[in-house]
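According to Swiss-Prot, the protein has these features:
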- 48-111: DNA-binding region (DNA_BIND)
- 21-36: compositional bias 'Polar residues' (COMPBIAS)
- 140-151: compositional bias 'Low complexity' (COMPBIAS)
- 1-58: region 'Disordered' (REGION)
- 130-209: region 'Disordered' (REGION)
Amino acid sequence: MEATADGPAETQSPVEKDSPVKTQSPAQDTSITSRNNADRGRVLALPEHKKKRHGNLPAKSVKILRDWMYKHRFRAYPSEEEKQMLSEKTNLSLLQVSNWFINARRRILPDMLQQCGNDPVIGHKMGKNAHATHLQSTDASVPASSGPSGPDNVQSLPLWPLPKGQMSGEKLPDPESAPSQKLTGKAQPEKKVKFSITSPFSPEPVSPEEYADFSSFQLLVDAAVQRAAELELEKKQDPNP
């Protein structure tokens, strides 16, 4: 009988102890789940908060930076001193100013140059064409000054004064047949001609005294004419040769 009485008591005690635990477990699970959801919401909201903090710069600061870039649009690379000055004006850090210029040179500067009519692509092409034209003109002027003399280059050469005999179409005498003229040519002193680099390339005026003396040649011509006249007169006087 004692064993049977103790048996039910022992079987009821675990039920009484376990029943309160089972009734409290759903509330604990709900609180844990709500805490986890709240933590997840904070984690998801954290990047948005950071994005708002590190978003666009103030409009006033951007206007100051844009004005500086437009003023220096042909050399939009501020020095360290200029970055420090812009940082003080815009209340931004040096890193923010540097990053803004890096992005602005790729996104804002090309449109700014096109609006001003200074397209960097067109300007680069025009510079190449002008350089090529200058090289062609330089190459074309070199043969005219230092190239060999040909039929095409004769017209560009300056006209030098010709001796009196060549201008009249007479043939110059042979140096061996006129020894007196040969001696006269040796006796003449050498003349130095000065050229000026700054003034146009033109010869100095030469006096008639500096030309070669053709008096001996004129004497030979007169003697030949006189001899021909004598022969003609002899033929007329002697009808029967």
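Cβ coordinates are placed from backbone N, Cα and C, and glycine is handled just like the others.
What you are looking at is a predicted structure, and each value in this text was computed from that prediction instead of being measured.
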Of the residues in the DNA-binding region (48-111), how many are helix, strand and coil by DSSP? 47 helix, 0 strand, 17 coil
Which value does the mean pLDDT take for the DNA-binding region (48-111) in this predicted structure? 87
